[in-house]
Amino acid sequence: MDKKKYIITLDEGTTSCRSIVFDKQAKIVSVAQNEFTQYFPQSGWVEHDPLEIWNTQLSTMQSVKNKAQIKSVNVEAVGITNQRETVVLWNKETGLPVYNAIVWQDRRTSEYCETLTKHVDKVREKTGLIINPYFSGTKIRWILKNVPLAQKTLKAGKLLAGTIDSWLIWKLTGGKVHATDVSNASRTLLFNIHTMDWDQELLDLFEIPRSILPEVKSSSEVYGYVEPSLWSQRATAKVPITGVAGDQQSALFGQLCLKPGMVKNTYGTGCFTLMNIGEKPIMSKNKLLTTVAWKLGKKKPVYALEGSVFIAGAAVQWIRDGLRLIYDAAESDFYANLASKQDTHQVYLVPSFTGLGAPYWDSYSRGAIFGLERGTKKEHIIKATLESIVFQTNDLIKAMSSDVGKKIEVVKVDGGATRSEYIMQFQSSISGVNVIRPKNIESTALGATFLAGLAVGYWKDLKELEKLVKVDKEFKPKLDKEKVEKLVHGWNVAVKRTFNWMKEVDLK
């Protein structure tokens, strides 16, 4: 029988659940992935079914173990990384949700957020965040105010709330552990990033009882144990859950951005640029967020500056599934290169389908395409879609550079869209940075794997990890300065024209 030990990491994303088996060399042994349903009950609303997420995640965990042909006794530890801000409220006796999960992209609390303008500075100082529908606090409040079953369950003392990591930990441990990690907690608007605890003043502001919230732990410690029967009927192994981090912080760790000033960008459904800023939180002057990156056991927490783009890879999904301009995301590079060769006119697509994230934070912006001419073909729209991902990321890189007072030279990248050579090269040229793509672009899952492994001594220290991450390709800037300035200027004009759209036309 195989006596080797492995780590299984559960990577619960916005559109799919995956489980990955990693070995001691941080190599992927097997992967299982299944998509789950997206619900859009009203304009600007986005929901998931928490039970579907749980069942999907569980089935990938079971099948990835079987694919790797290992038993639960071969699993040293489990890591969890997850879509952040998305919230679930459930009954602790029945284990059933009282409402669908409200997803990070959901904008239903926009108007409520506007009523809190006088609290903006206080909230920012305590949490490092801005008041925005994106974060968990206003979503939890909405469920408590609008869902009778939530109110009834709360009155009965049976209600629990949490982000997706908490929901999965609770289910995996058979309801024994209600916990979250510092990186996920720091995305709720309820967590004080200086005291590293839930903040009573913020709980009062958002009218959320502390009793329903999870215990906050470090990102790398023993949380509890996976119920043996979840692996298989005959399993008896006690496998600990030892690494937990929100997806973007997990990717920062997985890219080994361990020193202040190191930057990574993840190209997923959205785009997320994070910079390690060390053990002291810096507040951005450019509307970036300050967030907890991770905390290793009893060590001091590490902080990050973060810029979030809501729609990145999701824009490519839209031209594939909504507009049907392509059959497969992989085709988009071909069409973008085709349009580049024609170089007749520049089209800009601003994919603010759910508003704009950093550094604009405009909930009322909506998507638009600019520069259309009679000669515009589908390849121009496809090229503009890919370039929109780059322009949005460039906005974040420039804001970060300004906040820390020095030019960013290198950006490490990961996520699905890094497979696009067009996006990677254009990013390097537009931002004037060297873009480094690692061999293993699964940095998000790798981060939680490293966190889980460190907690149980699977890897002994950070030095050992540094030998495990290998570079696939480095992209260097190719466009001249004048061309870049012209392209970026056009993007800036296009973005501004989408501001406040929903408010001005009042299309609710």
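Glycine residues also receive a Cβ, built from the backbone N, Cα and C atoms like all the rest.
Annotated ATP-binding residues in Swiss-Prot are Thr14, Thr15, Ser16, Thr269, Gly313, Gln317, and among Gly174, Gly175, Gly416 the one listed with them is Gly416. Matching Tyr39, Tyr112, Tyr134, Tyr303 to the glycerol binding residues that Swiss-Prot gives (Arg84, Glu85, Asp247, Gln248) identifies Tyr134.
Scoring each of the binding-site residues (Thr14, Thr15, Ser16, Gln248, Gln317) by how many neighbouring Cβ atoms lie within 10 Å, the top position goes to Gln248. A simple Cβ count within 10 Å picks out one of the binding-site residues Gly313, Gly416 as the most packed, and that one is Gly313.
Counted over every protein chain shown, other Cβ atoms within 10 Å are most numerous around Asp247 among the binding-site residues Glu85, Asp247. The Cα atom of Arg18 (ADP binding site) lies nearest to that of Asp247, taking the binding-site residues Arg84, Glu85, Tyr134, Asp247, Gln248 as the candidates. Among the record's ATP binders, Thr14, Thr15, Ser16, Thr269, Gly313, Gln317, Gly416, no two C-alpha atoms are more than 14 Å apart, and one pair sits at exactly that spread. Local packing around the binding-site residues Arg18, Arg84 was summarised as the count of other Cβ atoms within 10 Å of each Cβ; on this measure the leading residue is Arg84. The DSSP secondary structure for Arg18 (ADP binding site) is strand.
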